[in-house]
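What TrEMBL annotates here:
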- 21-107: domain '2Fe-2S ferredoxin-type' (DOMAIN)
- Cys59, Cys64, Cys67, Cys89: [2Fe-2S] cluster 1 binding site (BINDING)
- Cys129, Cys132, Cys165, Cys167: [2Fe-2S] cluster 2 binding site (BINDING)
- 266-451: domain 'FAD-binding PCMH-type' (DOMAIN)
- 294-301, Phe374, 384-388, Asp397, Leu441, Lys459: FAD binding site (BINDING)
- Gln805, Phe836, Arg950, Ala1117: Mo-molybdopterin binding site (BINDING)
- Glu840, Arg918, Phe952, Thr1048: substrate binding site (BINDING)
- Glu1306: active site, proton acceptor (ACT_SITE)
Amino acid sequence: MGSLTRAAEEDPTAAEEEWSDEAVIYVNGVRRVLPDGLAHLTLLQYLRDIGLRGTKLGCGEGGCGACTVMVSCYDQITKKSLHFAINACLAPLYSVEGMHVITVEGIGDRQRGLHPVQECLAKAHGSQCGFCTPGFVMSMYALLRSSKQPPTEDQIEDCLAGNLCRCTGYRPIIDAFRVFAKTDNLAYTNSSSENANDQAICPSTGKPCSCRNETDINVNESSLSSSVERYSPYSYNEIDGSAYNERELIFPPELQLRKVMPLKLNGFNEIKWYRPLKLKQLLHLKSCYLDAKLIIGNSEVGVETKFKNAQYKVMISVTHIPELNTLKVKEDGIHIGSAVRLAQLQNFLKKVIAECDLPETSSCQAIVRQLKWFAGTQIRNVASVGGNICTASPISDLNPLWIAVGAKFQIIDVNSNVRTTLAKDFFLGYRKVDMKPEEILLSIILPWTRPFEYVKEFKQAHRREDDIALVNAGMRVYLHEAEGNWIISDVSVVFGGVAAVPLSASRTENFLTGKKWDSGLLDDTFNLLKEDISLSENAPGGMIEFRRSLTLSFFFKFFLSVTHEMKIKGLLEDGLHADHLSAVQPYSRPVTVGTQSYELVRQGTSVGQPMVHMSAMLQVTGEAEYTDDTPTPPNTLHAALVLSKKAHAHILSIDDSLAKSSPGFTGLFLSKDIPGVNHTGPIIHDEEFFASDIVTCVGQIIGIVVADTHDNAKTAANKVHIEYCELPAILSIEEAVKNGSFHPNTKKSLVKGDVEQCFLSGACDRIVSGQVHVGGQEHFYMEPQCTLVWPVDSGNEIHMVSSTQAPQKHQKYVASVLGLPQSKVVCKTKRIGGGFGGKETRSAIFAAAASVPSFCLRRPVKLVLDRDVDMISTGQRHSFLGKYKVGFTNEGKILALDLEIYNNGGHSLDLSLAVLERAMFHSENVYDIANIRINGQVCFTNFPSNTAFRGFGGPQGLLIAENWIHHIATELQRSPEEIKELNFHNDGVVLHYGQLLQNCTIGSVWDQLKASCNFVEARKAVNSFNSNNRWRKQGIAMIPTKFGISFTAKFMNQAGALVQVYTDGTVLVTHGGVEMGQGLHTKIAQVAASSFNIPLSSVFISETSTDKVPNASPTAASASSDLYGAAVLDACQQIKVRMEPIASKGTHNSFAELAQACYMERVDLSAHGFYSTPNIGFDWTIGKGTPFNYFTYGAAFAEVEIDTLTGDFYTRTADIVMDLGFSINPAIDIGQIEGAFIQGLGWAAMEELKWGDDNHKWIRPGHLFTCGPGSYKIPSVNDVPLNFKVSLLKGVPNPKAIHSSKAVGEPPFFLGSTVLFAIKDAIFAARAEEGHLGWFPLDNPATPERIRMACVDSITKKFAGIDYRPKLSV
């Protein structure tokens, strides 16, 4: 709390000039006066409160970009308006006073017309679920508005660094925006747009031209480069896209002319907000409120207040203090005001570098390079230099550099006394700095570097772009020449991420001073660094061996880099050996290029065509409504969950006394308040809605609080005090197996042939065995779990709108918990912002929780989970443990497989048994093995229940299979591809679960891929690269997949649909499937349109609702298009049969006339369609049957490059071939392939869940450390393969599904593991340099830690053995 030290009773602003409480902003051109009392609100909350719902809440910490808006302000110095993107979820509302805020609604909509940015994204298939789409639109829009010249392709990709997408795989987004780039040769040479007269459209002007030779395009085949189709970005109004002058919102003249006033405003709970304009005012405020928090970008404070329950009563915005915003070039260096934004600093230093002599700016260059990877664009636009320094984060990217370069900090106190301190003396302890409460940081002095002085920066993170460092460093050396040698005069070696403060390696620095600069100093330096940087076994952050090895790797790179630079300048005779140059080559990334190739098989008016997603235009304008956008009824309450904080414990007492006195509190509901049944579960009822006596995991729901606002509900929930008596917890699969902790009745077995006899017979020339640890994965759907529940007829009925893949489960759970019949409960779902299985069963328990207070209080209740709560409580992809034993011949023919697999079910069974079963079904991938025995069991652990996730156990089984295939190849010293080809399935094979294999196309898929990627030449090129580069290695891999299509529970393979034809010729379709970005509604509409022979625009699908189609199976298992497409087709055919007598008269000229004529003849134009998948079923009592209707086949090739010294990697090429039969919509299917591949890449190589277990003792037991985008990293734009190619196998109709198509949602996911095996191939080359040629395990995800520690060399051997296996939460 702000402590009043002077004149405690008087207003601290009374003695100053007049302070204003009038805050004016413009939003989308509309003037708005902000009332006093809103200092607690963020800009995002305000925008959504006034009805601008296009700006989304994805994470609340500035990590996903869904809340991106553009802010414009007037620069009084340059007399120009500035435009930049920011995260509205972090921006305090009053921080944008005097600015113009433009949201996605402000740049275009369906009524006024779409902006070129919106139109391009929609038409290029760059929006799937659409939740992230407004953020991408606004990031691109802000770039265009702020660029004097059209941006480069690099700038476009860079501007998207702060935006995440979980659906598309980014490629179509990049392609959509590429048309705005300065140069776009592809637009001129490939698939230019054409107008109605078949004239080519110039990608530069958007008008007809002849800038390219027209080419004929085969109507049956489309091979498109970079984009499914090239559209003119300016076609909607034919203006010059670089001008943006006809429809753009201008900067409001009032804000340009208005006098800026100091602000004094208030907020909820006695918050005070000040915005002084003069340094004197600031110092006076600081003297009155010593504990006041100084705010600039709020990127740190916003996270602290939202997620760490920090409370700051007085906040002072220092954005308008001239002395804190200076950027001046002086003789002693560059003077940087503490309030200067990071983006400003970046641009300023780039100008300085361009204008000054190179030796002087070595430190400037290092800072610019480091800032490139500092957060995302939106954060850099608002975060300040001083804020980053004073936050004193141990992993700050800049603080080690400030220390290394000898920067000085100028500090001013409330009496205007200025003192200067060296950066190296400023950081005192964890988040403690050398500043008294009455002082503030005034400026930073960045000194010039001298001739022969070199500064380098280093950083390694889980993800290259927009990620916090695992370890970073700033290093500087100053050399002088003496007797023909270069001697170290002065040196700084400073690390971040290895201690509570940036750590100077003092002993190392002392040793190096005075030494000759040559390779002879390396060994001693390494040994001293090892002593200087010591991390305890359970140090926060873990990865001790990796982090310590990075410190040596960074110095090694520094030494090589300086040596190389000196050689180039002619200062050294001997430079680096050619193959060592790879250690100093900076990472540079060309722009992504995508190619898509497919066959168009048109069936009727619409089926087979690459139609744009039916909601795309709504999504790019922000008009598409999600659950949280649904207008709330009057009197709505907001809910927050009370969650367990123990992994296993008795609940001794629950004290709600503090919560009851919390502002806005309405009620707390516990197990005793449930009107109906408290036990639930999708298969067996082994879980409580509200824990009553014992909690069995952290994040388990104990109760629910309702209050008048979301924030008040959270505050009250945090005040509920629970006393526990802790019990022993099981926190890993290995612990569960050791203790016999399994879910009841989950032991399963599949047997083919006689494994034991094969092993004993001597037929196997060799036998290998091993273990595979398969990591889990967070769904990270962009839209968090959300539900709105309200009573109808005073609680006689309950209605809800939910973000779910399974409305029927919501209906069932809510009816159960309230004691109502299902006929009185209705669940509706319009669309969801991604699901991936995470909203199949786990979402229903949140709807049930919200329904209890709604029913009891007879008021609407809305529950939206914050991202951290969502990740902590909803479960993830199952981690697995696989133990294999494989027998094979010397030629590589596999004869026997004995496999034990365990999955981590968590504290309730949920769908874990079905996930295990599918893993067992897929455990042989595409390989024909005569003798197989697979045993599996579901482990009970004290973690939240793991659940469905794209692939549903299939990828885990497939990954284990590919591991033993590669083990065999290593044992035989042959390529894995040879072993695979030798063992491929063929038609007529009976699989290990008794299904006869038919229509097997893996051979055709594999052959096409091998030709497409030119595998033989790729292998030669990689081998050549590796022989010439010691510290960078390339690797390649080809991986096949076979994925069974059907729910493995037979009863779920059914679908219903309702089709209604109206007299104007339009058709309304309702079915049981949910649109979650996969294009289901679009495909279903195409089926209906082709059936009736009408345009797609005549078909509409409104929502999914349990009162229209009952008992629907979840939208899952990739089977929804098959099931609901067939059900809709059945309904259409019924209507067509009824229409036939009228149609046969031939008296109508249109479908509308036919519909009207049928109506006049009293023909029923509504039909209910139904479909159930035939000829499937499986009997676990005998372990035989036909669980799948058919299989989707695919294969992928990947080429990667790794940095063996740091573990960094990037994907150079990904080439995918899939057999999808005759695609209903090839554009949507390719979008699914690309999105699944990138999501699979994340699982295989990036996304690591870290739980409090025996492997991570620095995390509280049972707690999830990686519970938000700050710590859990999904792929970003920078992780897309540089060359991304997708092809659909041609001429292979599928006889088992509608219109000869195949399911696509899940099958491509596993192909992302191709990157993992390509990384392993590269690591193999690195290990070979040290003479290690044998098999080694590489668990997923192949994070930088796992890559670096597997690349055994003299550095890693100082910290770990050659068989070291980094710890994984499994």
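Cβ coordinates are placed from backbone N, Cα and C, and glycine is handled just like the others.
In sequence order, Gly835, Gly837, Gly838, Glu840, Ala948, Phe949, Phe952, Thr1115, Ala1116, Ser1118, Gly1305, Glu1306 are the same-chain residues whose CB sits within 8 A of the CB centroid of Gln805, Phe836, Arg950, Ala1117, the residues recorded for Mo-molybdopterin being left out. Restricting the binding-site residues Cys132, Cys165, Gly387, Leu441, Phe836, Ala1117 to those with a CA within 10 Å of the CA of Cys64 ([2Fe-2S] cluster 1 binding site) leaves Cys132, Cys165, listed by sequence position. For the domain '2Fe-2S ferredoxin-type' (21-107), the number of residues in each DSSP class (helix H, G, I; strand E, B; coil) is 15 helix, 31 strand, 41 coil. Other residues of the same chain near the [2Fe-2S] cluster 1 site, with their Cβ within 8 Å of the Cβ centroid of Cys59, Cys64, Cys67, Cys89, are Leu44, Lys56, Leu57, Gly58, Gly60, Glu61, Gly62, Gly63, Gly65, Ala66, Asn87, Leu90, Gly135, Arg867, Pro1269.
Separating the Cα atoms of Glu300 (FAD binding site) and Arg950 (Mo-molybdopterin binding site) is a whole-number distance of 34 Å. Candidate binding-site residues: Cys129, Cys132, Cys165, Gly387. Nearest to Phe836 (Mo-molybdopterin binding site) by Cα distance: Cys129.
Cβ atoms within 8 Å of the centroid of the Cβ atoms of Cys129, Cys132, Cys165, Cys167 (the [2Fe-2S] cluster 2 site) belong to the same-chain residues Ser127, Gln128, Gly130, Phe131, Thr133, Arg166, Thr168, Met782, Gly833, Gly834, Gly1077, Gly1235, site residues excluded. Ranking the binding-site residues Cys89, Cys129, Cys165, Cys167, Leu441 by other CB atoms within 10 A of the CB puts Leu441 at the bottom. Closest to Arg918 (substrate binding site) in space, going by CA atoms and restricting to the binding-site residues Cys67, Cys89, Cys132, Cys167, Gly297, is Cys167.
Sequence-distant neighbours of Glu1306 (active site, proton acceptor) (same chain, 6+ residues apart, CB-CB distance under 8 A): Arg950, Gly951, Phe952, Gly954, Phe1043, Ala1117, Ser1118, Ala1236. Between the C-alpha atoms of Glu840 (substrate binding site) and Cys59 ([2Fe-2S] cluster 1 binding site), the distance comes to 21 Å. Comment: Mo-molybdopterin site residues Gln805, Phe836, Arg950, Ala1117; largest CA to CA distance 12 Å, whole number. In this structure, of the binding-site residues Cys64, Cys132, Ala1117, the smallest number of CB atoms within 10 A of the CB marks Ala1117. Looking at Cys67 ([2Fe-2S] cluster 1 binding site) and Cys132 ([2Fe-2S] cluster 2 binding site), their Cα atoms lie 8 Å from each other. When the binding-site residues Cys59, Cys132, Cys165, Cys167 are compared by Cα distance to Leu294 (FAD binding site), the shortest distance belongs to Cys59. It is Glu300, among the binding-site residues Glu300, Glu840, whose Cβ has the fewest other Cβ atoms within 10 Å in the structure shown. Packing around Cys59 ([2Fe-2S] cluster 1 binding site) is summarised by its Cβ count: 28 other Cβ atoms lie within 10 angstroms of its Cβ, all protein chains included. For Gly297 (FAD binding site), the count of additional Cβ atoms within 10 Å of its Cβ stands at 28 [all protein chains shown].
Using Cα positions, the member of the binding-site residues Cys165, Cys167, Gly297, Ser384, Thr1048 nearest to Cys89 ([2Fe-2S] cluster 1 binding site) is identified as Gly297.
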